[in-house]
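According to TrEMBL, the protein has these features:
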type: REGION; residues: 1-21; note: region 'Disordered'
type: DOMAIN; residues: 56-485; note: domain 'Major facilitator superfamily (MFS) profile'
type: TRANSMEM; residues: 147-172; note: transmembrane segment
type: TRANSMEM; residues: 184-204; note: transmembrane segment
type: TRANSMEM; residues: 216-238; note: transmembrane segment
type: TRANSMEM; residues: 333-352; note: transmembrane segment
type: TRANSMEM; residues: 364-382; note: transmembrane segment
type: TRANSMEM; residues: 394-412; note: transmembrane segment
type: TRANSMEM; residues: 424-446; note: transmembrane segment
type: TRANSMEM; residues: 458-479; note: transmembrane segment
type: REGION; residues: 489-518; note: region 'Disordered'
């Protein structure tokens, strides 16, 4: 099969710009293209993608690294002195996390809708600067109430970053490119989680007591110092959405025209004015009600790792394994290989989804859910202290089934791409509802006092995996149902023939519909 290049002429403000866009549906992919997709596109497209990768993808990855660093530093701080300094007890760590989540829930949908009207170059860096300042303020807290307040504001300002960047990435990349970029962006956040352990260990060992501040307080200061320059980078280099972008030192008029042509070629729509008909179409369609729940089930389904709690029990009398103890540094660092395995697995799945699977997302959701079910069942049957090495192996591998998050958001973005505002809402609503559930569920099923066994939490995880499998099947059914109805409505094909065509029709504007692979 040869590579097909489709020519598209896009009108700019000053002249007609001729662009060439590689058709992803019939594009032949080389082995080099499987490694990185720009190898199989035109030279013009390759140059444009390099610029977008070097600005948008770099900022997204750095920003999400910092976001997760600032989000998860409270857990590292809790295990390294915050608990004692603030006299925290019981489930107060869970409560602090829930305050962060409450703030995080409030701003996501409004922020994503704002991105359809105001340049991301202003919205996203402003949010990052604000959460950096809130993180800085955390170093000075004297009681848990002040901690709750600042964690709420950190969550509020961080709320627009993750769904916003997924929306922006989906405005620039095709289905053969999106999963790789989204997963690189996503795993950068996991690196932030992992680096938080290293940073806390360094702060504890090297800064603890300097100027009278505990190591965990220095962690907040260092995190803020790292956050603010990344926000300033975004003000300069984060590009606007293709249909609203203007020529700059980074992107030429030809680059912008090419980006618009690429999105038009795959049916990804630009922003449109709101109308009663548009609102009615969104609210009466099944996408806004069904698709976000898929991400909610995935996000809340995986079991929380009990590793740090398990390690800490070796230091509590009566000692479960006499003679075996773990230092603060070991409790911080020993869980980190699990994050490394998680990152590698996520990247492999993204490359396969974009490449050999040619943009399919749902098979990886099902495979991940089945894997998580197996690990949940194994944990409930394992004695807590029978084999230290066996437990380490379990903790390091238990995340293998939890890596489908960006693929689900890619799937949502691609299924709703015929309506830009619907796409922005669904991506944000998915993440929003996921964290809303996360703000409530841990207080009942993932209580700090239940660890390390966390029997209730693991049973909760098993239930959600079965629901995720069922919900994925429901989405596939609805897509195939819509495909059959559309084929019959257009005439010339029976419902049986429509069911074998391998495509699904996604309603777009009042006069258009978009056909996608399921």
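Note that the numbers count up from 1, one per residue, in the order the chain is shown.
Backbone N, Cα and C atoms are what each Cβ position is placed from, and that goes for glycine too.
Of the candidate ranges 147-172, 216-238, 333-352, 364-382, 424-446, 364-382 has the most C-beta pairs within less than 8 angstroms of the transmembrane segment (394-412).
Within the same chain, residues 55-56, 58-59, 62-63, 66, 69-70, 73, 76-77, 80-82, 85, 120-122, 124-126, 128-129, 131-133, 135-136, 138-140, 196, 199-200, 203-204, 207-208, 210, 250 sit at least 6 positions outside the transmembrane segment (216-238) and bring their C-beta atoms closer than 8 Å to a C-beta of that stretch. Count of Cβ pairs under 8 Å against the transmembrane segment (147-172): among 184-204, 333-352, 364-382, 424-446, the largest is for 424-446.
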